[in-house]
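Feature annotations, reproduced from TrEMBL:
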DOMAIN    D:1-349  domain 'FMN hydroxy acid dehydrogenase'
BINDING   D:76-78, D:Ser105, D:Gln128, D:Tyr130, D:Thr156, D:Lys222, D:Ser244, D:275-279, D:298-299  FMN binding site
BINDING   D:Arg165, D:His246, D:Arg249  glyoxylate binding site
ACT_SITE  D:His246  active site, proton acceptor
Number of protein chains: 4
Amino acid sequence: MRLSVREFEALARDRLPRYAYDFFAGGADDEVTLRANENAFTRLSLVPRVLRGHRERDLGTTLLGARIAVPVVLSPTAFHRLAHPEGERATARAAAAAGTVMIASMASTVPVGDIAKAGGDDLVLWLQIYVQPDARITRELVGRAEDAGCRALVVTVDSPVFGRRERDHRNGFHDLPPGMYCENMRDLGGQRGVRDIEMVAGLSWDHVDELAAMTGLPIVLKGLMHPADAVTAVAHGVSGLVVSNHGGRQLDTAAATIDVLAGVASAVGVPVLVDGGIRRGTDVVKALALGAAAVGIGRPVLWGLAARGGEGVSEVLALLREEIDRALALTGCASVHEVTSDLVREARC
Amino acid sequence: MRLSVREFEALARDRLPRYAYDFFAGGADDEVTLRANENAFTRLSLVPRVLRGHRERDLGTTLLGARIAVPVVLSPTAFHRLAHPEGERATARAAAAAGTVMIASMASTVPVGDIAKAGGDDLVLWLQIYVQPDARITRELVGRAEDAGCRALVVTVDSPVFGRRERDHRNGFHDLPPGMYCENMRDLGGQRGVRDIEMVAGLSWDHVDELAAMTGLPIVLKGLMHPADAVTAVAHGVSGLVVSNHGGRQLDTAAATIDVLAGVASAVGVPVLVDGGIRRGTDVVKALALGAAAVGIGRPVLWGLAARGGEGVSEVLALLREEIDRALALTGCASVHEVTSDLVREARC
Amino acid sequence: MRLSVREFEALARDRLPRYAYDFFAGGADDEVTLRANENAFTRLSLVPRVLRGHRERDLGTTLLGARIAVPVVLSPTAFHRLAHPEGERATARAAAAAGTVMIASMASTVPVGDIAKAGGDDLVLWLQIYVQPDARITRELVGRAEDAGCRALVVTVDSPVFGRRERDHRNGFHDLPPGMYCENMRDLGGQRGVRDIEMVAGLSWDHVDELAAMTGLPIVLKGLMHPADAVTAVAHGVSGLVVSNHGGRQLDTAAATIDVLAGVASAVGVPVLVDGGIRRGTDVVKALALGAAAVGIGRPVLWGLAARGGEGVSEVLALLREEIDRALALTGCASVHEVTSDLVREARC
Amino acid sequence: MRLSVREFEALARDRLPRYAYDFFAGGADDEVTLRANENAFTRLSLVPRVLRGHRERDLGTTLLGARIAVPVVLSPTAFHRLAHPEGERATARAAAAAGTVMIASMASTVPVGDIAKAGGDDLVLWLQIYVQPDARITRELVGRAEDAGCRALVVTVDSPVFGRRERDHRNGFHDLPPGMYCENMRDLGGQRGVRDIEMVAGLSWDHVDELAAMTGLPIVLKGLMHPADAVTAVAHGVSGLVVSNHGGRQLDTAAATIDVLAGVASAVGVPVLVDGGIRRGTDVVKALALGAAAVGIGRPVLWGLAARGGEGVSEVLALLREEIDRALALTGCASVHEVTSDLVREARC
Ligand SMILES: Cc1cc2nc3c(=O)[nH]c(=O)nc-3n(C[C@H](O)[C@H](O)[C@H](O)COP(=O)(O)O)c2cc1C
Ligand SMILES: Cc1cc2nc3c(=O)[nH]c(=O)nc-3n(C[C@H](O)[C@H](O)[C@H](O)COP(=O)(O)O)c2cc1C
Ligand SMILES: Cc1cc2nc3c(=O)[nH]c(=O)nc-3n(C[C@H](O)[C@H](O)[C@H](O)COP(=O)(O)O)c2cc1C
Ligand SMILES: Cc1cc2nc3c(=O)[nH]c(=O)nc-3n(C[C@H](O)[C@H](O)[C@H](O)COP(=O)(O)O)c2cc1C
């Protein structure tokens, strides 16, 4: 068994063509935020508690009514078939086996219905959505999510326009290779074929309200960083938030997510997740200490998938599970709910 | 199209003779401030707002009564013909096309009148001035600025004496090559030929008052860093300020301009610009958030000019325009006036 | 004579097989805490006092009633025979000669009774204990400590589960080489042979109380980092504390010990020791200034032992003694009791 | 002419035998303080004032009644003949020519009387003294200082014991080469030959009082870092202080001098000098801003001397003079007395 998530990154780099690796690995502009997301964890220290041991730690928690076995969900990432022929199907199986939420990307290369089927009854599936300019298209996508049995919609709000990833430009990577498509965008609005996903520059709270009116599913906003927006989100009835800067792929020099998490989490009552740069069990414990209900991982899933398909994703999840378990034990926490803010302090730099 | 201003720097390095590249690139002494200007931006993080989108962003603003299309002006830099045979003419055309202010340097290698002509009616031209020991010379220069249709005078106050750029000493670069001259200094004071630009060690507020008495043009002070000086400047009737350390070419270890901007901007009511180390659209947004009315760029213009002449300058300006537009969209701002101070926070180092 | 403890590290690296060197040198996961322990000292500056000289400095102090000649004790480390054939016997002789406490590890490769004999009457010996799941085994170990004349029991509380040292996994180092055993674990519980040391995930304050009930020896808790736990420890009657993160071998990204020392020391009245990253006399003075009664060293002892057996350990201790003496002289302290908190300040980073 | 003091360092490294260069360059233990002294200046930024120009800057000031032309004195350094055959004679001539104070080291390789003669009437000479165990020896040294016309005694208080410079140990450098001696130590106490300089571990305020009773010369304490000691010093009637950590040669990890200067300077009314890491005119301005009456330089003098003898020292002083003049002009100060504390701020790191 691999010893760290980083080893999967190395394996993925070995196996993937350059353009694909770079698509997964890269960030916007100078990749300042990409690095900051990871480094910010190193600059937080843990102050463990002792002699509060329990024979076993309970890593489970509840998210929007669903019980999950580890406080780590799969953040939505595009194009899993670029990492492995089985694509999102393999990912779904691994998520189900690990007992956690998979947030399928709207830009998945397998349709959400097939992802759901591959995951089976055990999978808690959410669909991530970019609101489309034509509300009817959005509604149809929501319908597909409902039909697939998704239990929440995750609306990505950090992308009113595309961020610019220089690596993709340098590699000339602008389209999926032949035979791969954004399958959720197929045959929408009464037209055959695959539509492009569009960004809506005018994305606003009205869109959130409209979406809420379309569905009974709980709505989670992903890509929020500012406490004031968190408060507004709750006023608009959203059920959860993901503090995220899109893994450093949208606004470069955006703050590291872990550095703004506490501000957001303390401003609202709904569950707050965070993603960006989570690579170790101790990162997860730090996020919990700063108020996260759970964390999301993006690239680690893709690395696992590229390295060994669904098994790789399972290994990544198992590794993190084991690390979280150890970190909880070593900080004196019997469960994720016992992780308190005094366990974390800023490292003297 | 190039992906970043930095690529133009690389192109310029390739194309220019060493002494010319170094003249443009270098700073005073150990170049601590030169590096600090750039690095200080990386150490500021953005905290974006979401769901406040608008279909389009308005990048325009008004400076001293003139409408400009982007919040980026061309800071005055000497010797454009060292970068490209067309020199300041090419720069002027690019500035006009971009719809922004060009601050011509008193040390331009094309006379200000010809710069104005090259720029055409669309160009908002300001002339930068070093007050000369002989007031009659200064007055004549002011007259030339007025004749050329300049709409403001920018008095550089950070240079009572010359800073020492070690690169120029090592390269033995002390004079312009044959055939290039500081054309604004030609045939002044009733004497034929080109006078040297002199620094006035005794430069004082009296000089500012004297200059104000010579002209009806608004006066902008460039090179101010201290809030107390800003307050005095306003008391002396100046119309604007440029927070600047001369791109690290005068006083080495002077603070990074972005680090003193907020102190100056919050002390006065007149528009405050800032230059030094601006390389990305997000740098501009950070400056706006800290109180700048607009920013200035020095070296990026020279790199564009050296790389591809006027087209290069246009490309640099277009690139920044696009980056600012994207950064505004991604921080939830419909215009430069919506950029508020809470969008910026210090990165944990 | 060697000039620094670091030189012994280099000698040890040269002499030991890779797996053994790595076992001694390594830390958990990414070794963030391992490095932080050492680096944190560099980021503390000394502000010396002058003209308070004394012909000689008194380096002695009293720990749990025992007089020691230097404020440096030997922290418990496993497997000394891996460093040198004489193993803990050699270490004990060096500790006795230096007039300080040796805390023998429960995982020593020489039985505690033999360590005591090797050390002789001068040695102040304490035994470190991992509470075992079966209380009878623990009691038997306590009995062996008492029989050996140990004057305190040090209960390691930072290890309810094993930390993961990646170096050991990569080197395939999981067991002692043939002929070496954890001798304290031999023939326990009425069974012949050597039992494995077990970690108790459920380790709790009850275990501390139980242990206290088993023996009249003072109890010291090792591995505490949080002030709240320190207060609880005193309420449970413990006689001393060692602020420790197990040399970065258990919970990675745990805070550097020197950074949490003052918080713990100021919360309680019992003597507080600290270990982790102590490599210089000035490190010791800083620890004293922040409230430590004395410090512990782990790896430096192993390096000395690997380099030159017992003589090496003696050299390491003599070197530190000399450095502490010099540091006290140069900070104007006649004894370890004169080291006050104003001698230390954070270095500007 | 050289462009920076650093260039002299490079020249010295080229010319000197390794052991001599290392003796001059080295610091105690890990040389943390040696580097910190220099780096701390980079982490202070200047916030210049503008439009307060004067045709000329007055660099002069008064120290203990003597007028000096630049706010830079020569800190005492041992063994100038190791740098250049003319040794301290050459240094004295350069100091006199520059119009500043030379603090001759007690460990000079030319007797203080001859230094005075070489310097001539213009030289303001002070003698640095290590109090000797035998008060009669100290008194005799004081007599020699008086006879030589010294105008102050500088008592070094940071050296109750020797610091350990590892470079000297590695180079086996423990004695001066044949033919060079600490000439001030010759024929003292009625005995022929050269005595060793001894450190007095018991150095105390009594020694200062004793010394004051021996002479009418003003006494300056060198090597003070703590405000409390500064206050005591004034109570003992000293006339000035040098904040110094002996150039990082005594207590390693001592704070950078510039970081403790303001604390000391604001605690007392007597003139406070500072040395350690001064390499640029801006460093001097920063020290003045933080309360120094003047600064001292150690190694730069030795580099100049090694590079080009007395001329080299003159060049170093001229270079610094020019840099200070420029720095004053560029910060808007007409004299060293106009340098105020608001000119300095911490750089964001
Ligand atoms: C290759 C890639 C594709 C992504 N695609 C999407 C997407 O389609 N929708 C979305 O909301 N976020 C997307 N993200 C962002 C992730 O959901 C998540 O915020 C980010 O990856 C977290 O950072 P990490 O990769 O450091 O764990 C993508 C990220 C990556 C790396
Ligand atoms: C090559 C060069 C020449 C310059 N010449 C002038 C000048 O003639 N007058 C002036 O006020 N500033 C001059 N500056 C300073 C610029 O106006 C501006 O403050 C600086 O370049 C901003 O920093 P940046 O280059 O990092 O954008 C010059 C800068 C450079 C790099
Ligand atoms: C090789 C090694 C073995 C160790 N074994 C033990 C042990 O058996 N029991 C224990 O409480 N601590 C053990 N420790 C931790 C030390 O007691 C001590 O906390 C740590 O080494 C201090 O850090 P330093 O090595 O930087 O001085 C061990 C440390 C090392 C390096
Ligand atoms: C080679 C050398 C010899 C020194 N000798 C003495 C000395 O004899 N007496 C003394 O008080 N300080 C001595 N010092 C310390 C200097 O006076 C001064 O504090 C230090 O050099 C200042 O730091 P700088 O070298 O970075 O300028 C010496 C320093 C050096 C580098």
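Placement of Cβ uses the backbone N, Cα and C atoms for every residue, glycine included.
Projection of TrEMBL feature records onto the structure.
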residue	record	DSSP (3 states)
D:Pro76	FMN binding site	coil
D:Gln128	FMN binding site	strand
D:Thr156	FMN binding site	strand
D:Arg165	glyoxylate binding site	coil
D:Ser244	FMN binding site	coil
D:Gly276	FMN binding site	coil
D:Gly298	FMN binding site	coil
Between the Cα atoms of D:Arg249 (glyoxylate binding site) and D:Gly276 (FMN binding site), what distance do you get, rounded to the nearest Å? 10
According to DSSP, which of helix, strand or coil covers D:Arg249 (glyoxylate binding site)? coil
Centre the Cβ atoms of D:Arg165, D:His246, D:Arg249, go out 8 Å, and tell me which other residues of that chain have a Cβ in range of the glyoxylate site. D:Gly26, D:Gly27, D:Ala28, D:Gly163, D:Gly247, D:Gly248, D:Gln250
Tell me, what is the mean pLDDT of the domain 'FMN hydroxy acid dehydrogenase' (D:1-349)? 97
Pairwise CA distance, D:Arg165 (glyoxylate binding site) versus D:Gly276 (FMN binding site), rounded so that it is a whole Å: 16
Cα-Cα, whole number of Å: D:Ile278 (FMN binding site) versus D:His246 (glyoxylate binding site)? 13
Note down the number of other Cβ atoms within 10 Å of the Cβ of D:Arg165 (glyoxylate binding site), including every protein chain shown. 24
Top of the binding-site residues D:Pro76, D:Gly276, D:Gly298 by count of other CB atoms within 10 A is D:Gly276
Determine the most Cβ-crowded residue among the binding-site residues D:Thr156, D:Ser244, using a 10 Å radius around each Cβ and all protein chains in the structure. D:Ser244
Kindly point out which of the binding-site residues D:Pro76, D:Arg165, D:His246, D:Gly276, D:Gly298 have a C-beta less than 6 Å from some atom of ligand 4. D:Pro76, D:His246, D:Gly276, D:Gly298
What are the non-local neighbours of D:Gln128 (FMN binding site), defined as same-chain residues 6+ apart in sequence with CB under 8 A from its CB? D:Pro76, D:Ile103, D:Ala104, D:Ser105, D:Met106, D:Leu153, D:Val154, D:Val155, D:Thr156, D:Lys222
Which of these binding-site residues has the least crowded Cβ, counting other Cβ atoms within 10 Å: D:Ala78, D:Ile278? D:Ala78
Please work out the number of neighbouring Cβ atoms within 10 Å of the Cβ of D:Arg249 (glyoxylate binding site), leaving out its own Cβ. 24
List of residues, in chain order, with Cβ under 8 A from that of D:His246 (glyoxylate binding site) and at least 6 apart: D:Thr156, D:Asp158, D:Ser159, D:Gly163, D:Gly223
D:Arg165, D:His246, D:Arg249 bind glyoxylate per the record; greatest CA separation between any two, in Å, is 12
